[in-house]
Amino acid sequence: LQTQFLHVGSGSDGTEDSDSSAEREQTNSSESDGNIPKRTRLTRASLRLSQSSQGKQDESPPLTPTGNAPSSESELDISSPNASHDESLAKDPALRDSDKDLSHRPKRRRCHETYNFNMKCPTPGCNSLGHLTGKHERHFAVSGCPLYHNLSADECKVKATTREKHEEEAKVQEESNRHATRHQAPTSRQTRYKEQVTEMRKGRNSGLTKEQKEKYMEHRQSHGNTREPLLENITSEYDLELFRKAQARASEDLERLRIQGQITEGSNMIKTILFGRYELDTWYHSPYPEEYARLGRLYICEFCLKYMKSQTILRRHMAKCVWKHPPGDEVYRKGAISVFEVDGKKNKIYCQNLCLLAKLFLDHKTLYYDVEPFLFYVMTEADNTGCHLVGYFSKEKNSFLNYNVSCILTMPQYMRQGYGKMLIDFSYLLSKVEEKVGSPERPLSDLGLISYRSYWKEVLLRYMYNFQGKEISIKEISQETAVNPVDIVSTLQSLQMLKYWKGKHLVLKRQDLIDEWKSKETKRGSNNKTIDPSSLKWTPPKGT
């Protein structure tokens, strides 16, 4: 989803009050002639009287501080209304002395807000009215544009009312369940809701009819990238509504940042990057140098991660670049997959560039330049042109809280292919070699939390499947899997496999979940998206 961040002043429609604008015009014209009239507020009626009495003398446009007539209304100096008067005072000492007598008079009201008279939504044909969240009367970015999302302002308001109603119902249900935390079995309401969701999702893979495909192609050809593709009938109504809720929530967050001034009209944000054979849309702001960030598009070498301003510079760089893989030691290789250990102290520039690249796709990342206390484990996929960056994770050389991951990222072009779980599994493999129990550093990003929850679930179900004893211990699970006991307990609770009975916590072996996991494993088959411990050639660094 491409977004454009814009900023508008306190005016609701982006225009100034006509009285204050007329006042500034009259004062500037009189002050630029060297006269110092009595400073009284002009109303529309008094302005018409003065214009009718003066005739054509006041029809000339007001002068800008440079002395040129402004080509448009936006060129007026609204931040310093007294600029032309100050110029005349500087040139004429007599006027400067006479102004001392006027020091007791109240100063004219200054305009502290920055207005953009041409502010409007960039979507073609949009009048900037309405908002995707249904909570605002106007919008100035694609992220909040109802027209871009193929909706009307009224439809957005109706959807907002429905969402608020559902949220209130969820809060009431959560409040009623707060006093029954020990009851691990799903309630009847939760069971009915799960059945409804399952029923709604049955037809999501049925495909599109010929007429629907033609309609979607016609919409795409008519509007191109200026409108969101039609999403109806692509998936179930339930999943589409979840997606709409996420869009509205993201748009509301952006609107809040704009109001707070954290996103302004002149914000430098890289929209796209050219990385190898891929062109990637960025998700978040990254603090690249201003001369690069203001371009909106960055060209990055996929091997050394240097960033450049143009395609020509990148092409010349690639002809001379001798790097074909990350620096550091190759500690793992199986097939085309390799993992390199890069020391932030030895390869500082590479690690800084890696962090800047990662910030384009991570929201909570705060580390950019202080990379020396960290080790970076970079996963690559090799072909005849070199080792291409798949993802990476970093970890502290000395972590007092036994964090085995500080930051983790899978590049967007490799997401949903199993590489994220490989990176997580590799981090826990290093913890096993170190004979430590590890856990990722908090807070986790949204995608990171989903990946870790999925990995922990898989590890626990595999352990349960292979477990043959009668009594199970969370401590034993932690020692064998290197997963922190806190993470194990939270995962068991989410799977409803932990029950409090007669003053003790019991782990339930839910055979239905185990069978479901086993059937998925069988369908998945023997793919290469797994970490082989025998392919690891690594010893823990000294001092860890």
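First residue shown is number 1, and so on along the chain.
A Cβ is built for glycine as well, from the same backbone N, Cα and C atoms used for every other residue.
Where the annotation comes from TrEMBL, it is an automatic prediction and has not been curated.
Predicted, not measured: the structure shown is a model, and the values here were computed from it.
The active site, proton donor/acceptor annotation in TrEMBL covers E441. According to TrEMBL, the feature compositional bias 'Low complexity' maps to 43-54. The annotation compositional bias 'Basic and acidic residues' is assigned in TrEMBL to 84-104, 162-178, 192-202. The domain 'MYST-type HAT' annotation in TrEMBL covers 265-540. What TrEMBL lists as region 'Disordered' is 1-107, 162-212, 519-544.
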Surrounding CB atoms that lie within 10 Å of the CB of the residue listed as 'active site, proton donor/acceptor', all protein chains: 17
Secondary structure tally of the compositional bias 'Basic and acidic residues' (192-202) (DSSP, helix then strand then coil): 9 helix, 0 strand, 2 coil
Rounded mean pLDDT for the residues that make up the domain 'MYST-type HAT' (265-540): 90
Secondary structure content of the region 'Disordered' (519-544), with strand meaning DSSP E or B: 9 helix, 1 strand, 16 coil
